[in-house]
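Record features (TrEMBL):
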type	residues	note
TRANSMEM	B:34-54	transmembrane segment
DOMAIN	B:93-281	domain 'ABC transmembrane type-1'
TRANSMEM	B:95-121	transmembrane segment
TRANSMEM	B:128-148	transmembrane segment
TRANSMEM	B:154-174	transmembrane segment
TRANSMEM	B:214-237	transmembrane segment
TRANSMEM	B:257-280	transmembrane segment
DOMAIN	B:329-580	domain 'ABC transporter'
Amino acid sequence: MTESTSASRAGEPLLVIDDLVVEYPAKGFRKQPFRALKGVSIDIKAGECVGLVGESGSGKTTLGRAVLGLAPVTGGSVRFKGQEIGHLSRKARRALSDEIQVVFQDPYSSLNPSLTIEQTLAEPLRVKKMSAADSSKRVRKLLDQVGLPSDAADRLPREFSGGQRQRIAIARALALSPELIVCDEPVSALDLSTQARVLDLFKDIQEETGVAYLFVSHDLAVVRHLSHRVAVMYHGEIVEYGDGDKVTSDPDHPYTQRLLLAAPVPDPIRQEQRRADRRRLLESQREMELQAGAV
Amino acid sequence: MSESAMTSNPPVAAEVRAARSHLARRMLKNPTGLAAIIVLALIILLAILADVLAPMDPSVANINDVLAPPSALHPLGGDSAGRDVLSRLLFATRFSIAGALWAVLIAAVIGVTSGLIAGYYQKWFETVSVWIISVIQALPGIVVLLAARAVVGPSLWLIMAVFGLILSPAFYRLTYTAVVGVRNELFVDAARVAGVGDVSIIGRHILSVVRAPIIIQAALLAGIGIAVQAGLDFLGLGDAKLVTWGQMLSDAFSRMYQAPTLLIWPSLAMALTSVALVLFGNALRDELERAAGKPKRRRRGVAAVAPKVATEKPVTHAEAQGDARSTLLEVKDLVVGYDQPDGSLKQVVNGVSLMVRKGEVHGLIGESGSGKTQTAWSILRLLPAGGRIVAGSVVFDGKDLAGLSERDMVKLRGRRISYIPQEPMSNLDPSFTIGSQLVEPMVVTLGISKAEAKQRALDLLGRVGLPDPQKTFSSYPHEVSGGQAQRVLIAGAVSCEADLIIADEPTTALDVTVQAEILELLRDLQNDLGVSILIVTHNFGVVADLCDRVSVMQNGLIVETGPARAIFADPQHPYTKALFEAILEDGAARGPLAHSADRNTVTVRSTVTEKSAR
């Protein structure tokens, strides 16, 4: 019994979020705070990619920010390697920087326009008191890892395209070899072909380094491509959570079903089919709702 | 199709970078800026070197030189006490400038520091500091200064320090606003996640953004500082032991009728300094605001750069069956370009030919920078400033729009060709109700009465699937969701019975479930009204859902065109093929995680569940 408890402690996933509540205070006196997350539970194992799908306002970005310590945790817990990180002080939070990192959606505003790529990439290294020579070496290696030429180091962000900037953002996230990277819609602002290549980069890096991802996206196809498991968020709650293939191809929850059939397939013939399926699904869900209301 | 191909032209990027990173150099190239800098530098130099340059001690009075005219010994003459005016002017420059700078320094230290802290941390510090700042601003400055003078005595430095405090709200507000604008930028969040401390973040990421506006503000406030300081001295409230411009003025004023020229020198010095400071601030602001040079209009008589029209023909798929529908819009060899600051032309569309038949939905698909939106805008003749149709024709219903006057074009837009934009929210005016924004165009273009137009608008709002047309009609744009706003804009686009709707990424900003509804709506309306639609998009799903025919764009050219089904079934051009390969839909799923640590967890968990089940 004791053995199994300790084993389960040792085997506890990398990140465990339990009944997490996040509330943003409303402006104005005695206004009800806005509850962005209403009790969310999710876990991520080492080396795993968990996809988080939802539409705007579903709370998916808030969940990512809560893990990063950028959103106010009102209730529940966020445990990273068994340590509670939901209410850390700024200082304690800073110490976590070599374990949890982030790649944001907007490759334009996520890089300081007035700093060169090297300055941006070296920032986390400098914080960890790495020497200038070592950090310069590390920066070249990072650039190489994300497929950028090493002369990129001396240039400014504005000289790069969206896809290249996102590679720089990924390099920054990798700088301290973290164990978990929160990816907040990292490919949504990118063109189709760039998107595919950046996703492959994410996959390669994961296979190489064993880093875990919390991958937030509104696009089921993107999440399906990269995620081992997928969670679907709706109105601040997780409505479906499970195997990536199952959730993205044969979901159980009515909302996920609607979401899946709403995305148009890039094939006119099959899209016609999907349109009919969607109409049927909406019809049947409406009927069920009516019946539920009648009862 | 490498990523580097998608960056803007390297020389342009380098140019922009050079322009931005060398603000100081640009200031020196700006004639106003350069003049202001030279004048200010001279004045400061004179102030510093007053000891060396002054021919005599400014406080030594010689009874023989009272109101002496200019002479070799006294180039500017003597004042009412027989002191050398030139020497006094030089020393006055030193103390007046120092006093003003002292006040600005105090103001900047208090204002910028508190602004940074309040903007970055907010919470209680923000609340308290806003109260204090508001109180300071509410106090009448001159009265406070007079009161302070009574308390601290006639000390230039103490008085100017008090004045600095009175000026500090200007810096506070400026810094606070700038910091609030930057603190939520993602790069600040990224730095926090990277473990960078707050002090470092403020110093590195935030101060760099607010630096330039602070310099501008400081220049303007220094001018005010000089004026106020002179005012106090003029009133005789200053330190009698120090010579300043204000004191010289006061002295000259008392002898205005005997020696009017005495007034000139201090006045001139003050005016010159203040004007230089203001011009310096203005020039700096201009240089900051101007990211790139204004495009030069091509001068008449100068030969136009010959447009480069690509000759490659797109891969064209045969029609499945003969399409008998007549042509509504025919674009031929369209070239669109933007005039550059150096007089050259940057081409963004390089010879596009495309045809839209009556009642057809034509998809224009491509990645960012392919020129698809530029093509759509040039059909509407709504290119942004600097852009123009360089060559080619846009024949709409027998008329070439490329050569039409702006007046005729206005008649056509809305009436015959309408537009659905990408960002529904930013295309509705927040200060008018949705109803009035629908009614007005109808009254203008259809010439119907307001009541009729209102009825029509209500019908349309119902038609586009809004649950409560009356309520939406009287709402303001911020009261409806993005999907609803797009429905409103679609209602607007069909309200004047246009023959062609140009839809620029109409669903890109919407959630996928809302997108499905909007696509459904567009299809229904198109069926009912038989209108032609040219839809610009980057999403192959949208094309598959809606379009009869597709044109694929790359680098300002159409590379492949034909019936949608034919292209989807058998793409020919390498670029189209590459795009199709990049599509993720229906790709294999990643599958469950399989590595040792994970297997451990799974087994442990299953034993636990078994145990608890027993």
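Keep in mind that glycine also has a Cβ here, set from the backbone N, Cα and C atoms.
Automatic prediction, not curation, is the source of TrEMBL annotations.
Just so it is clear, the model here is predicted, and its values are computed rather than measured.
Listed by sequence, the residues of this chain that lie at least six past the ends of the transmembrane segment (B:95-121) yet keep a Cβ under 8 A from its Cβ atoms are 43-44, 47, 129-130, 133, 156-157, 160-161, 163-180, 183, 198, 201-202, 206-207, 210, 214, 218, 221-223, 225-226, 229-230, 242-246, 269-270, 273. By the Cβ criterion (under 8 Å, sequence separation of 6 or more), the transmembrane segment (B:128-148) is in contact with the transmembrane segment (B:214-237), since 3+ such pairs are found. Outside the transmembrane segment (B:34-54), and at least 6 residues removed from its termini, the chain residues within Cβ reach (under 8 Å) are 27-28, 84, 86-87, 90-91, 93-94, 97-98, 269, 272-273, 276-277, 279-280, 283. Across the domain 'ABC transporter' (B:329-580), the prediction's mean pLDDT works out to 89.
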